[in-house]
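For A:6-25, A:37-58, A:64-84, A:96-117, A:145-163, A:183-209, A:221-238, A:245-265, A:271-287, the entry in TrEMBL reads transmembrane segment.
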């Protein structure tokens, strides 16, 4: 048993990188669910974002354009979900699942010519002297720009939901769409905007996988990250900072157990890998009991279709 | 999570599916061959090679055979559903291409006695279930030799998928041959508990490189560890299941290629002839089921010569990768001087050989 071979600074730094894709996807889904829409298509939107971002950055040589394209592509894809659920009032669960299947297939088709290609590298952000601070510098200040974008997004979403009027309207729509409608708010427009935002975030998360974390295009490369993002939203009980903690916990456990194994420590891998899911199940159990639902902060109209009858 | 079943063979195939004709072997054409894959066909590794085998079947038989496949089928209960669906769809022979499909294959085979099943890498057979696998450990012997001679830090990283005999055999074989050419070599094994998860595989490779490993061997299916090694620099890797040629000449210095095409063609032919039997096939370098991919120029000449010597001596049968004296990890005797391991021991291998550290998760 020798823990000294693991460099904690490197471990924490790789934890942040490993968590960024699910953090991006989860913060987007948080906004979607706060508006009362349950979009289970995160996995499909992520993988479409992964290939859109990969293809565009390979063709243009610019990772930044790749991320922009990933966000746009996934937002566009999420609009199919938006139109189906908001205008045609289709079942959100079924439509979300269909979106995942569709996204996986579409991405495989789009990615045909991109297997085995190396994307242009996105360098780490140079923060000057900050990066030279011992320990803290390695952990916090030697990352690519997307890690900071993801953190800024969490802060922005938190502030938006808590302090802005638009955020209040979004929450009102999620809590009671009938009341919000009666007050004159455009429920469908608010929800479509939220869905598009969720799609864009999922796309960024997917592109982070294919452009920075792996980096390559492989069919089905998200391998369930979208489902983890959905679990994180529940885990956070619909709070922005909770999403951050959840994402770092889920990502951290994976990185930690791999590093412990590589250092030759005898760790019960299965239990460590299982732990975030066990916590999520626990949260779901508490949530499904009547009083728990309100206590856990779940939007009251989550997953319900809205139809203005007057 | 992907549920695409693609039918080749146009309208005839669609009509066949719609009619849901029960499968019966040897008396009708075209024969329908089904394939169940654990990953996407574009994984660049394990599933990709199985699909190459399927395409070879199509090309070889032309109109006589039509093939169907389903990719990314999870191991476990869901596999039973996929298998049942394929059998109901009129498949005459179904290849299930991952270890975790073993029990689902046996269960579904009971319900469809007229359909032939072929399960890869398993050990359970029935009247209509055959098994087949390749002696990947022979290729691992070649890899271990190269790895042992090439490492400068004397630390070799190994990304394992699941602690099953097939994977453990590979670790043991690679270790024995690395140790033979480099007594100071140490192995770090990381269990990923997945066959295919590029992000996790990349993380595992990065963690190993961080620990000072300058050779990464993988028993997972994607090319992600190759990309991680390429960005770290000064690390060599080996293609797994497929050539992974896009990472030549570095980090990928050689590879083990699974060549399923001859076997698939032979077995489908047996169904057409009505001569199919529930056999157990375990092909190696000699039969061509295991191929050693090109050893690149990044490997010094004498290392390459040594590796090819091992390959050829395995191919002509003069050398067995598990030849005594060998002890188990706990120090107890396993093989005496000159004794070679039996297939039975190898198929159920659940122990490390002496010198490997760490324990196998149970």
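From the backbone N, Cα and C atoms, a Cβ is placed for every residue, glycine too.
Automatic, uncurated: that is what TrEMBL annotation is.
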What else in the chain is close to the transmembrane segment (A:96-117), if you only count residues 6 or more beyond its ends and a Cβ gap under 8 Å?
38-48, 50-52, 54-55, 58, 77-78, 80-81, 216-220, 226
Does the transmembrane segment (A:183-209) come close to the transmembrane segment (A:64-84), meaning at least 3 CB pairs under 8 Å for residues 6 or more apart?
yes
When you scan the chain for residues with a C-beta under 8 Å from the transmembrane segment (A:183-209), skipping those not six or more beyond its ends, what do you find?
20-25, 27-29, 31-32, 34-37, 39, 42, 45-54, 66-67, 70-79, 81-82, 86-87, 146, 149-150, 153, 169-170, 172-173, 177, 221-222, 225-226, 229, 306, 308
Taking the transmembrane segment (A:145-163) as the reference, which of A:6-25, A:37-58, A:221-238, A:245-265 gives the largest number of Cβ pairs under 8 angstroms?
A:6-25
Contact set, same chain, for the transmembrane segment (A:245-265): CB under 8 Å, 6 or more residues outside the stretch:
1-3, 5-6, 11, 14-16, 18-20, 22-23, 26, 228-229, 231-233, 235-236, 272-273, 275-276
Can you name the far-off residues of the same chain, 6+ from the ends of the transmembrane segment (A:6-25), with a Cβ under 8 Å from a Cβ of it?
42, 45-46, 135, 138-139, 142-143, 146-147, 150, 153-154, 201-202, 204-206, 208-209, 212-213, 222, 225-226, 228-229, 232, 243-244, 247-248, 250-252, 254-256, 259-260, 263
